[in-house]
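The feature transmembrane segment is assigned by TrEMBL to B:20-49, B:69-90, B:116-140, B:152-171, B:177-195, B:207-228, B:266-289, B:326-349, B:361-381, B:402-435, B:477-495. Among the features that TrEMBL reports, domain 'DUF112' is placed at B:20-446.
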Amino acid sequence: MNKTADRIAAAAFLAVGALFMAESLRLSKSAYGSAVGPNVFPFLLGLVLVFLSIKLLFETRSYSDAADEKPPRQYKKFLVIFIAAVFYAALLETVGYVITTFLFLVIGFQTMEKGALWKSIAIAAGFSLGVYGLYVKLLQGTLPSWPIWFQ
Amino acid sequence: MSTLSFLLDGFQTALQPHNLLFAFIGVLIGTAVGVLPGIGPMSGVALLIPVTASMTSGLSPEQAAASSIILLAGVYYGAMYGGSTTSILLNTPGESSSVVTTLDGYQMARQGRAGAALAIAAIGSFVAGIVALIGLVLLAEPLSNVALKFGPAEYFSLMLLGLAAVSGLAGKSMTKAWIMTVFGLLLSTIGLDNVSGVARFTYNISYLYGGLEFLTVAVGLFALGEVFKSILHNEMNSGEIAKIGRVLPTKADLKESAGPIARGSLLGFFIGVLPGAGATLASFFSYILEKKISKHPEKFGQGTIAGVAAPESANNGASGGAMIPLLTLGIPGSGTTAILMGALIMYNVQPGPLLFDEHPAVAWGLIASMFIGNVMLLILNMPLVKIFAKIIQTPTKYLLPLIIAISVFGVYAVQVTTFDVFLLLAFGLLGYWLAEHDYPLAPLVLGLVLGPMIENNMRRALTASNGDYLVFFEKPISLVLLVIAFLWIAVPFVMKLRGKSVVINEDM
């Protein structure tokens, strides 16, 4: 088990628990017709989470210090795809489903492995148009269609 | 008698053409999900919830719920079938419940008996599926009748027991499992309070008033977390597949595996009914059992057919057994059943003892469709196993971005806000990080699903007792449940302190 990671996690969960406790103190303490207000359950849970985080913090002391060998990670690939996904989400409603999905997929495929551009384009186009056609035209669902300045 | 007529009604529901189609699509996709390494049954079911939601949008609510749960359950047990295929052919289990199958399955494949191994896995899964269904039919009514007598205090304690069971068995560290459970419960308190209508932890963000959408969280944690891991760890499939050869098993094979299948099915079923002990544990135990009682224990690991038949029957039996606490008590015993429960709640169908009275078409339709689905799987798997083996070769470079695109589509189609898409990506990151550091994700989802119910029952019980917390200990059934919950946590803890190794469930 990774000592640093678990310490970070324990600290984060401790903060989350404390935050929920503090915030639930601001909630109304009573509810009409009920003896228990909406503040009780989150407060108790926050308390339990704080205790558990402290327990985890103590447990990390007995971890061995030797850092485990990590195999190389593909951070670059991941970052490109993740940022592309964030842009995909951000532009989905303004640029429309078909174009954003197509672009995201082409970028994704090419980031995973360069080359075979035409195949990537064909699969991306097939997926984005296929989903749009099936879902919007056939099933009458709602998806942002084309760019808003286009309509 | 009434059970039989309800079951017949269920068959009427399940045999409607569109439901047959849904069951077929479900088991087909399920098998594919099981075959593809990297997508487990949990992410498979989570990914398909939005797809089914849009497919069933033209039906009445009750029919839509029945049809989509038929499809989703099909994915669940289809994945159990498919998981064996990669274990046998590639020596890489498609999901954790078929890890044990690799021991003898891959050896059989190397000896040129892959076809027989696959066929026995399919037959074993089929038998186990039927055994689990008979158990479900027999136990459903009596169990839900017991549960109907439960008041809010008993319910609260029962759900606490469910959480204790799952958290006590999940993952490498019990502390981490508990942290995830409590974190899930805390996340469930975000949104408008059911009782008082007070907005909790929403900070005036209007999207949060309805609470965190279960679907977004589940797809993010499981499907996206899994994809991010595959990208970061550069998990590519090499695609060296063993030749399948003759598919039909010989008479000797069948004779040799009849016992293991029967024992594996029963053992798997009973393990599945217990909350927390999922298919992985069932397959593991049944393999050990067969090895213990076998006349030739040295043959295990060398490619004996019993070593494939037993765990494959057990994991399917367990997935059927896990439906019992879900349908009758409303307590999901594993991550996948928690997701199925979330799906039912999305359709305003509350699993639990009232399910059989209020939504007989959903409950019995599902049970009947599982009969039909198992037959479909057997027919599908015997001749088509060679085609499914081809799915393994789907290049990961296309698969991973496509899973992201499907997740985004699914969440947007149901929620129609980009807020949820961002939330999806955030939970994907969180899911990757947590799983990477051995924080089990199933308890988090379980907490999120059960949270509102636990809170409501707790507050109702406390209101009835005028705020006296002793009410949970004064009611005998509630007290018994709490004691069991306590023992469930305490016993492994004490055993660990005394230096015994405790069997744990790595994921469900």
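Along the chain as shown, the residues are counted starting at 1.
Cβ from N, Cα, C; glycine included.
All annotation found in TrEMBL is predicted automatically rather than curated by experts.
When Cβ distances are compared across the two stretches, the transmembrane segment (B:361-381) makes contact with the transmembrane segment (B:69-90), since 3 or more pairs at least 6 residues apart fall below 8 angstroms.
Outside the transmembrane segment (B:152-171), and at least 6 residues removed from its termini, the chain residues within Cβ reach (under 8 Å) are 177-178, 180-181, 274-277, 281, 325, 329, 331-334, 438-440, 442-443, 446-447, 450, 453-454, 456-458, 460-461, 464-465, 471-472, 475, 477-479, 481-482, 484-486, 488-489, 492, 504-508. Contact between the transmembrane segment (B:326-349) and the transmembrane segment (B:20-49) holds: at least three of their C-beta pairs are under 8 Å, each pair 6 or more apart in sequence.
Of the ranges B:69-90, B:116-140, B:207-228, B:477-495, the one with the most Cβ pairs under 8 Å to the transmembrane segment (B:402-435) is B:207-228. Using a Cβ-Cβ cut-off under 8 Å and counting only residues 6 or more beyond its ends in the same chain, the transmembrane segment (B:69-90) has close neighbours at 14, 19, 22-35, 37, 40-41, 44-45, 48-49, 52, 55, 97-99, 101-102, 105-106, 108-109, 114, 117-118, 121-122, 125, 129, 237, 240-242, 244, 279, 308, 312, 315-316, 319-320, 323, 336, 340, 343-344, 347, 349, 362, 365-366, 369-370, 373-374, 377, 381, 385, 388-389, 392. Note on the transmembrane segment (B:177-195): residues 163, 166-168, 170-171, 201-202, 208-212, 217, 434, 439-441, 443-452, 454-456, 459 of its chain, located 6 or more positions outside it, place their CB under 8 angstroms from a CB of the stretch. Ranked by Cβ pairs under 8 Å to the transmembrane segment (B:266-289), the stretches B:116-140, B:207-228, B:477-495 are led by B:116-140. Predicted-model confidence for the domain 'DUF112' (B:20-446) is 81, expressed as mean pLDDT.
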